[in-house]
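Okay, structure first, notes after.
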Amino acid sequence: MEEEPSSQSAGSNDTSRHGEPPKPTSMPCQDPQKPEQPNEPKPPSKLKQLWTKVGLDPMTLKLMLKGSIPPTIAIAMYQSKAVAAQYSTIGFLVAITSILGFAIMPRGKFLQTMSLNILATGLAAAVNLLALYCVTQARLHTTPAGHPLTGYNSSASVVCAIWLCVQIFLVNTLRAARPQFQFPAIIYSIFALVTCTTAVQFPTMAAATSFMQKLLEAFLTGFALATGTNLFIFPTSARLVVFKEMTGYLMCLSGMLKAQTAYMQSMETIDPVALRHEREEEQRKGEQDGTKKKARKPAVPPSNPLVTPASLKLKELLGKTVELHTKLHGDVTPAKREFAIGKLESHDLTELWKMLRMVFVPVTGLSASMDLIQRLAADLHWANKGSTEQDEQIRHEAVENLHFLMKELHTPFAHMTASIDAAIMHVLITLELVPAPKKTADEESKGDQPVPGSSSFAETYQKQVNDFYHSKSITLSDWCKEHDIKLPHDFFDSTLIKPEHLLIHDEHKRERYQRQLFFTLYLEYLSWRAGSAVLDLVLWADKRKQEGALKRNKLIFPGSKTLYKWFWAVFGREDLGSNGSYLAEMDSGGSEATYLGEDFMRRKDPEHLPPRNAFERVGESIRKLPRFFRSDESAFGFRVVCATMTIAVTCYLEASQAWFLRQRLLWAMIMVAISMSRTAGQSTFNFSLRIFGTLVAMLGSYIIWYIVDGHAAGAIVFLWLWMCCAYYVILKFPKLIIVAILSLVTAVLIIGYELQVQVLGVTVSESNGQPAYPTYELAPYRLACVAGGLLVAFIWTIFPFPISESTELRKDLGASLYLLSNFYSIVHETIRARITGTDGDVKVKGTHAYHLEKARDAVFSKSMLLLNNLKTNSQFSKFQLRVGGRFPAAEYEGLIESCQRVLQYTALMSHASLTFSTHNKADTTEESQWARDFRQLVSQTSTTSHKVTSLLALLSTSMSYGQPLPPYLEMPQPFQFVKNVDSIDPDLLSIRHIAEPEYSAFAVIQVCSQAVHADLEKLKK
C-alpha cells in the first residue's frame, strides 16, 4: 500500500521532521532487512562503500529529482514565446515560488502549507492592490496640471513606504507568534516587497492592475507546478513518513536493549582503579607526543572510569531514540489528518503510537542504570583506592557486588533481549512494515525459539515473558547467598515464616543492602515491563490482522473531530517539532515551538481585578493594544521593518530611486525579510552560512552558463543538476539547509535572468529600468546585493541591543522546570489515585485515570520537545558575539541534562505505579493480602512529593527571572518514605514478598525518587 515503506527503506532511521519527508539513510540502530548470517559476508567493493557512505539510496534520489522538477519546468517553459509574453520580466518569480512551495514535503503537510500560501498570496494581492490604488491617487492629486504622471513623485513614494512598513511589521509579528505561518509569511513578504518597490513607477491604475495580474499569475503558476509535482511525481504521504519512523523507532529500541546488555556485560569485570590509571597514562603520552589537541576533550574522561565505550554507545543510541521520539510526536498528528489509501486507519495510528510510548519508557529507563552506577561510583570513589583499610574494603565490596549482580543478570537479560528483538520483528512483519521472510510456514521454528510472523509466536513469546518474571526469585536467592543470608527452602512460598536471623540490626548495612536489592529489582522490573509492553504490541498487531484490517487497501477519511482540530490548529498554537519545517534555520528564531499553556503564558495581573461590567471589559480590550506592542513578537516585527527600510529608503528618495531599481536592490530587501532572526547567535551563524551559500551559487552559475557557452538547452540541464545537488544537501545535512536554499534561489535568479534576456531581447528586459548585464557581471551584482541585505539584517539583529542565545536558553530552561513541576505534580496525583484505587478505568472517557493520562502524555511530550530546543539553543550559543565574561556553557549543559534525567525518572515512577492500579490490570488474578496491606499502609504514609513540586516551581521562577532562591530553602529528603514504612511494619518490605508485583514497582519508584532528589540538589546549586 502507498503508506507503508518499501523493503529498501523500511529500516531507515533518518526520519522526517514535522513537515519533512524522511531522509532515507541507512538505519544506525539495526537493519531489519539483514538478519545475522552464520558466515561472514564478503566485504563490499570500494565503489559500493563510497555509494553507501554518500547515502544515495533510491528514496534520496527520488526526492532530489522531485524537488528539482518544479523550477526546471518553470525555467524551461519560459523559453516559449507565448509564456515569456505572458509573464514578461517577472517570469523568474515562477521558478522562485515553485522552490518555496517545497514539493518534497509529505502530502498532508504540503496541502496544508500550500493552502496557507495561496491564502497569503490572495490576501497580499488584495491588500497591495489597495496600496497601488492609494499610490496612483497620491500621484494623480500631487502632479501639477499639464505635467506627465511619470517620473519621481514624493507623495507616491511616501505612500508606498507606509504601506510597506505596515505590512512587513504585521506579517513578521505573525511569523514570530505562529511558527506554522513561516512559509506564508515569506511568500507575503516577497509579494509586498516586489509590489511596493515597483509601485513608484506606475503612472495610472491601469498599469498597476496589469502588473498585479501578472505578479499574481506568476506566484500561482509556481504554486501549481509545486502542487502537481507533489501529488503526481513520487507521491509521499505523511502516513508513509510515520510508518518509516515507527520502523526505525522500534529498531532503535531493540538496539538500545542490545546495547544495554553489552553495557552490563562490560561491567562484569570492570576495575575502576586500573582503568583510571590506564587512561591517565594514555593522556600523558598523548600530551608528551604532542598529539593531543588543546581544545579537544578525550572521548572517555579519565576522571570517570565507568564511562566505557559500551556506555558511550548506549548513550548515543539513547540520544537517537529520544530525537526520533520527538519527531514522531510531531508527525503522527498530520498523518492522522490525512486523506489516504491504506490499511491502518487513523485510530490505529493513535493506538499504535500509544503502545510505542509504553515501550519507550521502560527501555530508556534501563539505560538510566548507567547514571545510577556512575553516581554510586562517584559517591564511594571507586576510581581511587581507599585512604584507610576500612574504606578500601567498602570500596572493594561495592565493586564486587556490582560484578556479581551484572553476572547474575547477564543470561536472563540476554535471553529477554533476544525475545524482545524477535517480538519487534514479528510486529514489523505483521503490520507489513518490513517484508516477510521467504519461508513463512507457521510451524517453522528452531527449538523453543518463536518464529517472527507466525501465528503461534504470541503464545510462545508470552511464555518467555512470564518465565523471565518468575526468574527473579532465583536471582534473589543467589544475591542472599552472596551476602551470607540463609533462606529456608520454602521462604518465597510461605507467608508464616518470619526467621529472626534475617533482621539486620546495623542500620547502615541494612540500608546499603536494601538499595542493592532495589537496584536489582529496578533492572528486572523494567526489563519485564519492556517485554510486557512489546507483548501488548504483538497481541494488538495479531488482533488487527485477524480482524482483517490488513487484508486490503481502503480509502481512509479522518473523522470530523480530527478535521475540526486540524482547522483550529492551523490558526492556533500547536506544538511543533524541533526544526519543524525546511525553513526552520531561516526562521525568526524566536517563535515558541512548544505551547506551554495559558497558565504559563498569561499571568495574573497584580494591578487589575477581573472586569465586572461592560465598561471594564471594554477597558480590558483597550489594554490589549499596548500589550501587543510590547510583546517580543512585536519587537521582532519592528526590527524587521527597520532593517527593510534601511535599504528601501533608497527606493523612495529622488536622488537614489533610479539607482535602486537599476542595481536590483530588491533582492537585498528580500534577504532581510527572510533572514532576520531574534537571537544574535543564530544570526551570526546564519549570516556566515548565507554568505557562503551565495558565493557558492555565484561560482556555480559561472560553471552552468559558460560550460555550455550560454546555450539554453545545456544551461537548463546543468541548472537542473545543480538543483539536484542542492536538494541533496537539504536532505542529508539539515544544518546546511540555508546554504542549499540560497544556492537554489541565487542560481535560478542568475541563469533564469540570462535565459529571459535571450527570449525577450535586451530592449524588453531593460524596460523595467534594469540594465541587462552579462553573466560574469550579473553574478557578482547578485552576490553584492544578497551580502548587503544579509549584513543589514545582521546589524539590526544585534542593534540596538542583542537578544542572545544565553537569554533564550535561560528562559527556556525556566519553562522546562515549570513543565517538570507540572509533570511531577501530575505523576504524584497519578500514583496516589492508583494506590487508593480512585483512578478508574483509563479507557473510559471522563474518569480520573483518563484525564490524568491525557495531561501526563501532553506535558511529557512538551517537555521532551522543549529539552530538544534547549540543546539546539545551546549549540547556537557558541556562535554568539561575547562581550565581557564567558557564558557558563558547561553549567547550562549540566542543568539541561539534569532536567532530562528528572523527566526520565519521573516518567518511570508513573510507569511503575501502573502496577498499583486495580482498574487497568491485564490479568484478573485476585490481589494478595500483602498487596492490600501494603496499599493501605502506603496510602496513610506522608510523602515529600509536594515539596518536590514546590521546589521545581521555585527553580523555574528563579531561572526565568534571574532571581535568587528563598533563603534557608529545605530540600526534601529521599528514602524517608521507606523508613516510615519500616517503622510501622518491618515485615512489609521483607524480601519474602519479592514475588509481589507491587514490591518491584515500589522499588523502582524509590530508586527513581532518590535519583530525582540527587538531580534536584544539582539544580539547586
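Heads up, the Cβ atoms here are built off N, Cα and C, so glycines get one too.
TrEMBL: automatically predicted annotations, no manual curation.
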Annotated stretch (transmembrane segment, per TrEMBL) among the listed ranges 516-535, 636-655: 636-655
Touch test for the transmembrane segment (636-655) and the transmembrane segment (737-759), at least 3 Cβ pairs under 8 Å: no
The domain 'Putative ER transporter 6TM N-terminal' (49-145): DSSP-derived helix, strand, coil residue counts: 81 helix, 0 strand, 16 coil
Long-range environment of the transmembrane segment (779-801) - Cβ separation under 8 angstroms, sequence gap at least 6: 639-640, 642-643, 646-647, 663-665, 667-672, 675-680, 683-684, 687, 690-691, 694-695, 698, 701-702, 742, 746, 749-750, 773, 881
Contacting positions for the transmembrane segment (687-707) when only residues 6+ beyond its ends and CB under 8 Å are counted: 585, 671, 675, 714-715, 718-719, 722, 736, 738-747, 750-751, 754, 775-776, 779-780, 782-783, 786-787, 790-791, 793-794, 879
Distant-in-sequence neighbours of the transmembrane segment (713-730), which means Cβ under 8 A and at least six residues beyond its ends: 56, 60, 63-65, 67-68, 71-72, 75-76, 79, 104, 582, 700, 703-705, 707, 736-737, 739-741, 743-744, 747-748, 751, 754-755
Residues in the domain 'Integral membrane bound transporter' (659-796) grouped by DSSP into helix, strand and remaining coil: 118 helix, 1 strand, 19 coil
